[in-house]
């Protein structure tokens, strides 16, 4: 079974909730660094600070990550596959030293952040929709890394 219309709608509505509050971007990176402190150096906007500090670069990067997962949901619904809009993503991830466990950390942080943003609208169905969309994106990035 492919990505359903309902799953796409769930991702769309929670994406809108995420975008409404910039503090979710800080939460996202705080969770990443709690789970994988060594990842701090991978992000130019985090490596020189003692803790996660809000900044335009942090906001832009978080919105890009969540936006790409959102776009992946749309692509999965439309065609059943994710095609990267930015062909340099594979090379960037190689350059930063990203390995498989990092994708797991980001997925967990993304799901925790969406859970927080969704509040009472959170459900297993919503979590599954984001997880499938993220896995589609992660798979496309890993493919571009090879």
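Placement of Cβ uses the backbone N, Cα and C atoms for every residue, glycine included.
Heme b binding, as stated in Swiss-Prot, involves 64, 93, 96; the candidate among 44, 49, 118, 123 given for that site is 44. Rounded to the nearest whole angstrom, the C-alpha distance between residue 96 (heme b binding site) and residue 29 (nitrated tyrosine) is 16. Cα to Cα, residue 134 (nitrated tyrosine) and residue 93 (heme b binding site) are separated by 16 Å. In terms of local Cβ density within 10 Å, 61 ranks first among the binding-site residues 61, 64, 96. With DSSP classes pooled into helix, strand and coil, the tally for the domain 'Globin' (2-146) is 109 helix, 0 strand, 36 coil. Within the model, the domain 'Globin' (2-146) shows a mean pLDDT value of 94, rounded to a whole number.
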